[in-house]
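K.L.:
Pasting in a structure now, in structure tokens, and then I'll have a few things to ask.
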Amino acid sequence: MPMILGYWDIRGLAHAIRLLLEYTDTNYEERQYSVGDAPDYDRSQWLNEKFKLGLDFPNLPYLIDGTHKLTQSNAILRYIARKHNLCGETEEEMIRVDILENQVMDVRLAMARICYSPDFEKLKPGFLKEIPEKIKLFSEFLGKRPWFAGDKLTYVDFLVYDVLDMHRIFEPKCLDAFPNLKDFISRFEGLKKISAYMKSSRFLPGPLFMKLAVWGNK
């Protein structure tokens with residue numbers, strides 16, 4: 001039985017999950033829900049199913065794997081990662097994984113906040129000014145390691161890749177001063193399964209956000 005991943009028909013919070021499912025060669029199917037156009041942004045496609053799936057906290061994304069039904073994007077990532085020993089092995093690695101998972105969410109939410117704001121154009125210059133400092137912290141945390149937890153790939157590499165790529169789309173030169181992050185991105189995109197997925201018709205590079213967003217909605 002394939003796992004079922006449910007999410008909007010956008011990149012959003014499912015990007016790292018899709019990448020991890022592909023990397024681990026997991027048998028899965030997607031249920032993608034669409035949102036209507038302005039001004040109503042009709043969500044009935046999802047709302048009609050929302051409370052019929054047996055989810056404890058009905059939301060998107062969700063993952064159904066037999067009797068296991070999960071929501072919350074990071075819980076889903078961890079569930080898949082545990083099956084493939086991608087959560088870090090030593091205490092040091094697991095600490096790095098835990099810190100980074102939460103740091104990435106903070107950075108992602110800060111970006112989403114301005115991209116969904118009607119004051120986007122007013123907020124954009126201030127946001128652009130903050131990007132180098134945010135990116136620098138990731139660069140220093142990675143250091144000379146190949147992956148963010150250490151020598152081995154973990155699920156947080158999928159999260160960091162996603163958030164760095166989003167910032168790269170927003171400001172194409174934002175990684176230029178950080179060669180170790182550019183190398184990390186090349187290393188990640190060069191993984192055999194990831195590279196094959198990115199060339200496939202299943203790959204969904206965008207839109208980054210929903211139609212309600214001011215930026216990243218196409």
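The backbone N, Cα and C atoms fix where each Cβ goes, glycine too.
What Swiss-Prot shows for this protein is this:
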- Tyr7, Trp8, Arg43, Ser44, Gln45, Trp46, Lys50, Asn59, Leu60, Gln72, Ser73: glutathione binding site (BINDING)
- Tyr116: substrate binding site (BINDING)
- 2-88: domain 'GST N-terminal' (DOMAIN)
- 90-208: domain 'GST C-terminal' (DOMAIN)
K.L.:
Inside 10 Å of the Cβ of Ser73 (glutathione binding site), count up the other Cβ atoms and send me the figure.
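P.N.:
A count of 23.
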K.L.:
Pairwise over Tyr7, Trp8, Arg43, Ser44, Gln45, Trp46, Lys50, Asn59, Leu60, Gln72, Ser73, annotated as binding glutathione, what's the top Cα to Cα distance to the nearest Å?
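P.N.:
Output for glutathione binders Tyr7, Trp8, Arg43, Ser44, Gln45, Trp46, Lys50, Asn59, Leu60, Gln72, Ser73: max Cα distance 22 Å.
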K.L.:
Per DSSP, how many helix, strand and coil residues does the domain 'GST C-terminal' (90-208) have?
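P.N.:
Result for the domain 'GST C-terminal' (90-208), in helix, strand, coil order: 82 helix, 0 strand, 37 coil.
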K.L.:
Write out the long-range same-chain contacts of Tyr116 (substrate binding site), meaning residues 6 or more apart in sequence whose Cβ is under 8 Å from its Cβ.
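P.N.:
Non-local contacts for Tyr116 (substrate binding site): Phe209, Leu212, Ala213, Val214.
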K.L.:
Could you pull the average pLDDT for the domain 'GST N-terminal' (2-88)?
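P.N.:
Mean per-residue confidence for the domain 'GST N-terminal' (2-88): 98 out of 100.
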K.L.:
In the domain 'GST N-terminal' (2-88), how many residues does DSSP call helix, how many strand, and how many coil?
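P.N.:
Secondary-structure breakdown of the domain 'GST N-terminal' (2-88): 27 helix, 20 strand, 40 coil.
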K.L.:
Check each residue in the chain of Arg43 (glutathione binding site) that is at least six apart in sequence and keep those whose C-beta is under 8 Å from its C-beta; list them in sequence order.
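P.N.:
When sequence neighbours closer than 6 are ignored, Arg43 (glutathione binding site) has Tyr33, Val35, Gly36 within Cβ distance under 8 Å.
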K.L.:
Please list, in sequence order, the residues in the chain of Leu60 (glutathione binding site) that are at least six apart in sequence and whose C-beta is under 8 Å away from its C-beta.
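P.N.:
For Leu60 (glutathione binding site), the qualifying residues are Gly6, Tyr7, Trp8, Leu13, Tyr33, Trp46, Thr71.
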